[in-house]
Structures are given as structure tokens and as C-alpha cells.
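Feature annotations, courtesy of TrEMBL:
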type: COMPBIAS; residues: 1-14; note: compositional bias 'Polar residues'
type: REGION; residues: 1-47; note: region 'Disordered'
type: COMPBIAS; residues: 24-44; note: compositional bias 'Low complexity'
type: REGION; residues: 451-471; note: region 'Disordered'
type: COMPBIAS; residues: 461-471; note: compositional bias 'Basic and acidic residues'
type: REGION; residues: 515-535; note: region 'Disordered'
type: DOMAIN; residues: 529-606; note: domain 'UBX'
Amino acid sequence: SPETGNNPSPQDNSGYGVETLHGPAYGPASHSPAASSTPSSSSAFRHVVPSRQIVERQPRMLDFRVEYRDRNVDVVLEDSSTVGDIKHILENELQIPASKMLLKGWKTGDVDDSTVLKSLHLPKNNSLYVLTPDLPPPSSSHSGALQESLNQNFMLIVTHREVQREYNLNFSGSSTIQEVKRNVYDLTSIPVRHQLWEGWPPSATDDSMTLAVSGLTFPCHRLTVGRRSSPVQTREQSEEQCTDVHMVSDSDGDDFEDATEFGVDDGEMFGVASSALRKSPMMPENAENEGDALLQFTAEFSSRYGDCHPVYFIGSLEAAFQEAFYGKARDRKLLAIYLHHDESVLTNVFCSQMLCAESIVSYLSQNFITWAWDMTKEANRARFLTMCTRHFGSVVAQTIRTQKTDQFPLFLIIMGKRSSNEVLNVIQGNTTVDELMMRLMAAMEIFSAQQQEDIKDEDEREARENVKREQDEAYRISLEADRAKREAQEREMAEQFRLEQIRKEQEEEREAIRLSLEQSLPPEPKEESTESVSKLRIRTPSGEFFERRFLASSKLQVVFDFVASKGYPWEEYKLLGTFPRRDVTQLDPNKSLLEVKLYPQETLFLEAKE
């Protein structure tokens with residue numbers, strides 16, 4: 001946990017060499033959750049920690065976008081973590097007790113704080129939201145002040161006690177104390193668990209606390225870090241460690257330039273034997289994959305020459321090509337290949353004075369993907385020459401093969417082209433910082449001209465593809481509209497056909513009923529019949545008349561059947577009498593015409609029912 005101590009003002013210079021580093025750590029990536037989710041074998045452009053912290057198998061990472069009121073918090077965790085771990089992170093980000101949080105948005109059933117994320121079978125990207133029913137809404141002034149503090153940048157002046165060296169580090173208020181300690185580990189090689197701090201405020205009691213709420217002095221705060229004493233560390237080991245660090249930080253460039261003229265070994269220039277400088281090889285001789293070899297190379301390079309060095313790409317040479325050459329034209333970069341050789345007298349000078357110069361490091365970080373290889377061991381040399389032949393051809397491989405040991409190290413500048421990769425420059429170790437910078441800038445000019453052409457071609461190609469996509473979409477919409485119109489027409493025709501069939505069936509059914517009724521009618525009695533005859537005259541709705549004689553003893557139903565046989569069924573029409581006006585269809589159809597007083601003659605008219 002952080003310890004308290006004095007906090008001098010930022011103007012209180014102690015006479016140490018000061019390095020100003022912008023961002024949470026020197027290099028393009030920090031130890032934020034998003035950065036830590038990048039697998040070690042990926043082609044991400046990032047700073048690499050020493051090999052002792054490398055885990056061989058990277059667990060599956062899950063991304064969570066958590067919404068709380070007007071804030072969104074991005075959380076990245078391993079799938080072996082629990083729901084409670086998410087709440088713990090949110091507790092620090094939102095300043096809300098985990099016990100007051102209700103974490104909602106899970107797609108599965110019951111979830112509690114002990115639930116392991118892996119058991120939920122979640123996708124990589126997830127959205128959650130936080131409810132705090134037991135907490136009142138925050139006041140706008142307090143929320144605004146906290147948000148303002150989170151957005152502020154703190155300058156931490158960190159003094160490395162053992163080597164009397166200062167680092168000026170810029171952190172945002174949302175960074176945590178743990179992130180500061182991890183980045184200081186990158187600078188000092190002191191693991192977090194071995195760091196002994198002075199200067200943290202009394203309120204900074206938890207490493208997961210953000211700087212905004214830790215009580216740091218704004219805008220600058222001074223801290224001191226050292227290594228916790230180890231009971232097994234001898235005095236000679238401690239002196240050797242301090243001597244190594246001074247070797248990197250206090251060396252003068254002119255001493256390197258003049259060393260070989262006086263026959264002085266470059267290891268002895270630093271007051272330490274060459275064997276002490278080379279405690280372990282830069283790269284294992286038979287690494288299973290190039291990524292592991294590059295991890296050891298980066299860790300050993302940092303141990304020898306300090307942490308201000310190019311950020312070496314971790315991965316195979318093919319992966320470096322993909323990262324540099326095969327993205328969008330605007331995102332492409334040059335590829336710089338650094339070929340190291342421990343047996344060359346120029347190596348220490350080139351590494352400490354050229355590659356570790358801040359101007360070179362900054363320019364490489366902005367414009368290059370830097371990949372490295374150690375040519376000291378014959379097996380590694382042969383392995384690189386094989387890669388070189390495959391990617392650049394035999395001419396370039398032969399050029400590197402004929403280089404003498406004292407011409408190393410080499411710096412190859414590679415530019416990716418449409419059909420092949422072109423070696424723009426081969427820089428030997430006997431150069432100066434200014435000359436190296438000029439040659440890098442010259443290569444960058446060539447690359448920029450090519451990049452502008454590629455961007456133009458890419459924009460034109462994307463414009464053509466967009467036009468084609470728009471045309472294809474318009475054609476698809478047109479086809480869809482035609483298909484919908486055709487289907488509507490077919491449905492309408494089918495409906496018309498169905499209605500026509502129903503109408504025909506109804507007409508056929510009515511005609512069959514009419515014929516049946518017509519055939520079932522009794523014969524019309526003659527005028528000279530001896531029986532009583534009733535003569536009925538019936539007027540249709542169209543104004544036509546038809547007449548018929550019926551026996552007075554005939555039932556009223558016979559009249560209804562006669563009218564229906566003429567196309568006027570009594571279900572649809574009513575038969576009305578004139579004097580008096582009455583609805584004959586309401587009468588009992590089983591009564592005779594005589595009984596319903598339709599004798600000896602009567603005029604009736606038909607009227608459609610409503």
C-alpha cells in the first residue's frame with residue numbers, strides 16, 4: 001500500500017537527470033484494462049514487460065460496456081473472474097459501494113457476486129447497467145467536480161532512490177495507483193511487490209483508487225520509489241545493479257565515439273567488465289517461435305540499455321509485415337528491422353547512443369513498426385537469412401550474409417509495395433544520431449509519396465465500390481418492389497377468381513333451387529275449372545308483372561315457391577299486399593289462399609328485404 005511522506009513542489013530540482021514521459025508509461029501502450037487484453041502473440045504495437053512476467057497461455061478476455069446514469073465504463077476481464085470482480089472495478093470507477101450496486105443486463109438466469117464469468121458462456125462484447133435504488137441521485141455540483149477531477153492530468157515527479165534519477169510522468173485523473181506502480185516497474189524494473197514508496201497522501205490507502213480521489217496535489221506531486229531490501233541480496237549484487245543502471249543513464253556520447261581509438265573495450269568504458277554486460281544472450285538460440293524470442297530480446301535490451309528504446313514488435317516477421325503493410329493505406333507504416341550482434345565493437349555504442357536517443361525512439365514510434373533479431377548465434381543467423389530470402393529475395397539475403405561482424409548492427413528500412421517488399425536502406429552501425437535521423441527521414445519521404453498514391457487509389461477504389469454497392473442496393477430494392485407488386489397483382493387476381501367462383505356457385509345453386517321449385521309447383525288450374533280459383537298479379541321491383549292462377553285451396557307456400565321460381569326467393573324478398581297493406585311473407589305459409597284472403601284475385605308486389 002502507498003506510504004506517506006513529504007511532497008516538495010515541482011520546482012524543487014534535486015540535480016538529477018530528468019526524463020519527461022508523456023502518457024501513463026513510456027511507449028505507445030499503457031497498462032489500462034484495454035491494453036492488457038491484447039494477447040502476447042498478437043501484432044499490437046505496444047511496450048513489452050520483462051520476460052519473467054510473461055504467461056505462456058493467454059486466457060479469454062471479455063469486454064463489458066457498463067452504463068450508470070450518464071456514464072459509460074468499459075471493463076475488460078478474464079473469463080475466470082467473477083461478477084464481484086466487475087463490481088469491485090466499478091466501485092473504484094463510479095465511487096459507489098459494491099454492496100449498493102445491482103448489476104443488470106445478464107442474458108442468463110440467477111447471477112450473484114460469486115458467479116464465474118466463464119460459467120455464463122458470454123460473448124466477447126457485453127452490455128450491462130447498474131441500478132442503485134438505495135442511493136439518492138447525486139448532486140450536480142458533486143458529480144461535476146468529480147468528473148472534472150477525472151479529466152485532469154497529474155504530473156508525478158518520481159525519483160528512483162537507488163540511482164538518483166527522476167521521471168516526469170503524466171497520468172489522467174482516472175488512472176489508478178496500481179497503474180502508476182506498474183508503469184514505474186517498466187521504467188525502473190522494480191516489481192510492484194518490491195516497490196517501497198514515499199510521498200503518497202494518507203488518503204491513498206488502496207492501489208485500485210483513482211488519482212482524482214487519492215488526495216494528490218494538483219497539478220504536480222513528488223514521489224520517491226526504491227526497492228525493498230532482500231535478505232538474500234549481497235552487497236556486491238546491489239553495487240552491480242546500481243552500476244548497471246548508471247551505465248545506461250550517465251554515459252556520455254563522446255566517450256563512446258572515442259573509445260575504440262584508445263583501444264579501450266566498450267564494456268570497460270562504463271567501469272564494468274564486458275562479462276557483466278552480457279549476463280545472458282539477447283535471444284535464445286533455438287526458440288520455438290519468433291514471438292518468444294522477441295520477448296527475451298526486449299527484456300534483455302531493456303536490462304542492458306534502459307527502458308528508453310524503440311518498442312519492438314512482438315511476433316513473427318510475417319506478422320510484422322501484416323501490421324505495417326496490409327492495413328488501410330492511411331494506417332500503413334515503414335518496417336524497420338534491427339539486426340543485433342553481440343560480437344561487434346559498435347553494438348553498445350549504437351544501442352545506447354543511437355537507438356536509445358529520445359529523438360530516434362520518438363520518430364520510430366510514430367512512423368515505423370520496429371522488429372529485431374539477434375545475429376550473434378549461428379542458428380539464429382541462419383534462421384533470419386532463410387526468412388530474408390523468402391521475403392526479400394536472394395540478393396538482399398546475400399548482402400546481409402557478406403556483412404562482417406564489425407559492420408553490425410544493421411538497420412534495414414523496408415517499404416511494402418503492391419507486388420513485393422522493397423528494402424529502401426541498409427544502415428550500418430558506424431553512424432551518428434544525426435545521420436541515422438536523416439536516413440530515416442529520407443526513407444519516410446519516399447514512403448510518404450508512395451502512401452499518398454496508395455491513399456488516392458484506395459479512396460477511388462472505395463468510391464467505386466460504394467457506387468457499386470449503392471447501385472446493387474437500388475437494383476435489389478427495385479427487384480423487391482417489382483416482386484411485391486407482382487405478388488400483390490397475383491393475390492388480387494386470385495381473390496377475384498375466388499369471388500367469381502363463389503358467385504358462380506351461388507348462381508348455380510340458386511338456379512338449381514329455382515328449377516327444383518318450378519318443377520315442384522302444381523299445374524296452373526284452367527279458367528273454366530270447377531274448383532275455386534284465385535288469380536294473383538305480382539309486380540317485381542323492376543316494374544314488371546307476372547300473373548298465375550292458383551286453386552283457392554292451395555297453401556300460401558305454393559305462392560312463395562312460384563315467386564322463388566321466378567328468381568325472387570322469399571329469404572331475400574317480401575311479398576306485400578296493397579289493400580290493406582300487409583306483409584304476406586309474415587303469414588303462415590301452411591294456410592290456404594282463401595284463409596289469408598287472397599281470393600278471388602289480388603295484386604301483390606315484391607320488395608327486397610333490408
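Every residue gets a Cβ built from N, Cα and C, even glycine.
Automated prediction, rather than curation, is the source of TrEMBL annotations.
Sequence-distant contacts of the region 'Disordered' (515-535) (same chain, six or more residues past either end, CB-CB distance under 8 Å): 547-554, 558, 561-562, 564-565, 593-594, 598-602.
Long-range contacts of the region 'Disordered' (451-471) within the same chain, counting only residues at least 6 positions beyond its ends with a Cβ under 8 Å from a Cβ of the stretch, are 328-330, 332. Across the residues of the domain 'UBX' (529-606), the predicted structure has a mean pLDDT of 90.
When the region 'Disordered' (451-471) is classified with DSSP, helix, strand and coil residues number 21 helix, 0 strand, 0 coil. The DSSP breakdown of the region 'Disordered' (515-535) into helical (H, G, I), extended (E, B) and coil residues amounts to 6 helix, 3 strand, 12 coil.
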